[in-house]
Amino acid sequence: NGAVCIHPCSPSFHGETRFVCKDKNWQMFTDTCASLDVQSLFQPVHVKPGDAAKYFGAHNHGNRNCQNDLSCIVPDILSSPAVPGNIADVVELLKNISLLLSENVSRVKMQSYSRIANHILNSSIISSWAFVKDRNASSVLLDSVNFFAGKLLLRDGSESIQEHFISTKGYIIHKNTSGKSFDFSVKFSNTRNITGHVVIPEEELLKLPKTSKAVSIALPTLGAIIEANRLDPVFVNGMVLSVALPEELRHILLTFEKLNKLENVKAQCVGWHSTDRRWDNRACTLKSDNVSSVVCNCRHHRRTFKSFSILMSPTTLRNAVLDYITRVGLGLSIFSLVLCLIIETVVWRHVTKTEITYMRHFCLVNIAASLLIADVLFILTAMVHNTALNYQLCVAATFFLHFFYLALFFWMFTLGLLILYGLLLIFFKLTISVFIATAFSIGYGCPLVISILTVAITEPKNGYLRRGACWLNWYETKALLAFVVPALSSIVVNVVVVVVVVVKTGRSFIGEGCKSQDLSNMIRISKNIALLTPLLGLTWGFGLATIIDSHSLAFHITFALLNAFQGFFILLFGTLLDRKTREALRMSYLSSKRKCSLAKVTIFPTWLNL
């Protein structure tokens, strides 16, 4: 989403107005910062994101002109002081515009958007960003500008929109185009311009199957703003260049003019990781470095399938191994669950003759159905995000994905309670009608309430979805907790269930007075644990590790291996290894075979008589 040239410095405040920075050779140098007018921090906010609703919000569709060019809000914003409170409000406003009004971004609309962004990118207010409460505000700004600019319409094959502190250029490109380049010269301060250069190599353009577009944005002050806003010790030694490219293009060359041209300052090329909100040194490599400029070779990451571990982790990891595990696991899981439901339909009459077996298979069918729908939705949400469909569709997909995965856990919780009922409440009579009503209330009622409350509380603040995926937000609103907390609570209860089963199994052998039973006792306990672990979702407990250390690839891979294949384990342990189910399948097979033989005997003589 963005690449910069940096040098390895660690700025820190000394006194009130100075940064002290140590370069690679530990030589000291200082830069004087603008002093802050503390009184200005308490000035009233003139423009808030909610105020824009009267012009183009969801409740008023009358003023179409404002929706088309945003002109109605620009004067008020430009006249408001760029103090920390207002900066945060403008960032939120730009985010809302990029989410709700990014269809058909014309030149006029992009100009208005750039003017609004330019107001809070001004070099004279960089120090104010340190007092913006949201430490992710600068990252949100970059994401919003990227997304909105990427929708820019190129009417005549190219477009160029220039403000003092933000510049946007777009071109129509195709495989017959010679190496395409974008040249930028934008202000870093009132007295100084810096330059940047973007080149799409000709060999990359040959990969294009059809005519496409490329849009590049230059943000000369954003590096310093990220540094101030996030209290980041990385000094950005140039502008931030962001490029929106077709999926087929993988490599681009970026040239940065250095702000600090000291000979002994070594440069490093990095890209901004928008999901983790950090500089990533794996995104770009240094091609050449001289006193005045740096050339970086940057990779444009192809969007990959969403890793299954995203369901429990605050961080989305992109990795080929995770991608492969998720695809294979979900494919096998979906096939297994369909087969499981077919088998349950065939044997249902034979395996539900008693109340307790009816209840068990009733829970098993609902567990399989919930997981099947959830897994299919998981694939569909990845497709929704990767095809850049509209925001509302992503919200809807996330809501149903949240609901059905919660339903999975609550049905596994219900099965756990049923096992406890069978073990501990032997003399308590539970009728099937009461069980079904209670099970549906827990299995689908609770997930529905949680899902509705989550979207109702977080969506009005645009905090329902996370950046880069159709799934629950973590960094802004912690909406992911609405899935993690119920899931882990269900797992804790089901762990207790397994402990009770193990204790009961062990006690059944006490008093037999034969040491030869020890081995069979252990085998039976192990079998019970193996059978119950996938049915009760205990492997999802490894999701806690991805929450504690969300950047550990090993934890993500372990979680995906154990849980992406859950449908297969349910088929194996819940259906195929169940003795009564196997007997019922054999009886159904013999019965159908007998009927087929009788049909042949009856039809054959009739045919002869004809």
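Cβ atoms here come from the backbone N, Cα and C positions, even for glycine.
Remember, predicted model here, so these are calculated numbers, not experimental data.
Each residue in the domain 'GAIN-B' (174-318) has a pLDDT score, and their mean in this model is 79. Under the heading domain 'GAIN-B', TrEMBL lists 174-318.
The domain 'G-protein coupled receptors family 2 profile 2' annotation in TrEMBL covers 322-578.
What TrEMBL lists as transmembrane segment is 328-351 (among others). Long-range Cβ contacts of the transmembrane segment (328-351) within its own chain (Cβ-Cβ under 8 Å, at least 6 residues beyond either end) map to 308, 357, 361, 364-365, 368-369, 371-372, 375-376, 378-379, 560-561, 563-568, 570-572, 574-575, 578, 580-581, 583-585, 587-588.
TrEMBL lists 363-383 (among others) with the feature transmembrane segment. For the transmembrane segment (363-383), the residues of the chain that approach it from at least six positions outside its boundaries are 305-306, 308, 330, 333-334, 337-338, 340-341, 344, 394, 397-398, 400-401, 404-405, 407-408, 411-412, 414-415, 418, 439, 443, 469-471, 535, 566-567, 570, 574-575, judged by C-beta separation under 8 angstroms.
If you look up TrEMBL, you'll see 403-427 (among others) marked as transmembrane segment. Nonlocal intrachain contacts for the transmembrane segment (403-427), taken as residues 6+ away from its ends with a CB within less than 8 angstroms of a stretch CB, comprise 311, 356, 359-360, 363-364, 366-367, 370-371, 373-374, 377, 435, 439, 442-444, 446-448, 450-451, 483, 486-487, 490-491, 493-494, 497, 500-501, 504, 532, 535-537, 540.
Beyond its flanks by at least six residues, the transmembrane segment (434-457) meets 359, 362-363, 366, 370, 395, 399, 402-404, 406-407, 409-411, 413-414, 418, 464, 472, 477, 479, 482, 486 of its own chain at Cβ-Cβ distances under 8 Å. Taken from TrEMBL, the feature transmembrane segment applies to 434-457 (among others).
Residues annotated as transmembrane segment in TrEMBL: 480-503 (among others).
If you look up TrEMBL, you'll see 529-548 (among others) marked as transmembrane segment.
Sequence-distant neighbours of the transmembrane segment (554-577) (same chain, 6+ residues past either end, Cβ-Cβ under 8 Å): 307-309, 312-313, 317, 319, 321-322, 325-326, 328-330, 332-337, 339-340, 343-344, 364, 367-368, 371-372, 375, 530-531, 533-535, 537, 539-540, 542-543, 545-546. Residues or ranges marked as transmembrane segment by TrEMBL: 554-577 (among others).
Sorting the domain 'GAIN-B' (174-318) by DSSP state (H, G, I as helix; E, B as strand; all else coil) yields 16 helix, 63 strand, 66 coil.
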